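Undergrad: Got a structure for you, written out below as structure tokens; questions coming shortly.
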């Protein structure tokens, strides 16, 4: 029979000390414990005096010991994690002060968004880099007045991660046309930078947030393709731009590699893998074969080597991988507009399987024919020997029957056999056999 066992607890601290240090808490029973142990929902004193008069962390807790004035409201501060009373003027001011967003929920929708008409610029979510207000609904219209493409870069992007409630939609053009939707960004795209390119000089950016939670938001820059910002350096021609921080970092930010030229002791037709790193020739760039330890020779591939496919996300994969029902690019661009319904790998596997099955069938037929020929040979050999034996047996005369032997007087009839005992029968049989053998 087994018992219920036992539960052991212990208390740390000094049991008989009258006064405590400045960084300690003096329990009602005289013990001293670290000040950080107070109000941690654990009874370290032993008399629960370290957990008395503590502010509850539950938002639904009562505040009888600290009531708020008529022009104040209780709030769990985002910064101190302690309940306090805030003035009513902080409600719906566009700035989140409470951890549960209670001061910004059920507020009027904040006004945001604008019409942008420059060759370049930037915009961000409301209150960025602070949390955007719940219920935000903003639209930015970008019209550069230029026919060239617009490059939209989300330099920082962080939406609410509780689901699909908050999103950013980017449209190709100024209208909210679902057929011209370029990208939908949610909390699952919280990485930077995220780039979206239009087909003309116009874009529409729509940001929507639900009234449940919020996050840091985003910061966006835009520019006409080929137009460099004041703090950027042109790559030459219409090949884009790069910043001083991107100079000699081992990664190509210009399609022609101008930002990585003369960065180390590499030869004229070579490029460094990183700052003061190993060198690689131009022929080893963007061929889906990592030459650099950090893989910089396969990043930002605006052009691919012959025999490789250029993905929309500036990656290079083998051309044989295109339309094989496998997303090798990572963005599905190698499987778009594929004329072959059946994947190439499936067709190849089917052909190889058919060849193998045909080969096995030929081998099986050959083995069957060989076994049949061996069987027939053995049968013919057996039949030839048996016919000879039968022929010899047929040429022999049959032995005389019992009646013929009696008629010829070779053996007496049955009734002529003498009657004798068992002791006399054996010598007589032997004698008769000797007589017949002399015949």
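Any Cβ shown, glycine's included, is placed from N, Cα and C.
Automated prediction, rather than curation, is the source of TrEMBL annotations.
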Undergrad: Would you mind telling me which of 292-318, 319-345, 346-372 TrEMBL tags as transmembrane segment?
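TA: Range annotated as transmembrane segment by TrEMBL: 346-372.
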Undergrad: Is it possible to list how many residues within the domain 'CUB' (112-225) are helical, extended or coil according to DSSP?
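TA: Summed over the domain 'CUB' (112-225), the classes give 6 helix, 53 strand, 55 coil.
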Undergrad: Just give me the nearest neighbour of residue 39 (disulfide bond) among the disulfide-bonded residues 20, 32, 263, 323, Cα to Cα.
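TA: Considering only the listed disulfide-bonded residues, the nearest one is 32.
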Undergrad: Could you state the CA-to-CA distance between residue 45 (disulfide bond) and residue 20 (disulfide bond) to the nearest Å?
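TA: With the alpha carbons as reference points, the distance is 13 Å.
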Undergrad: List which of the disulfide-bonded residues 27, 301, 316, 323, 329, 338 have their Cα within 10 Å of the Cα of residue 107 (disulfide bond), in sequence order.
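TA: Near residue 107 (disulfide bond) by Cα: none of them.
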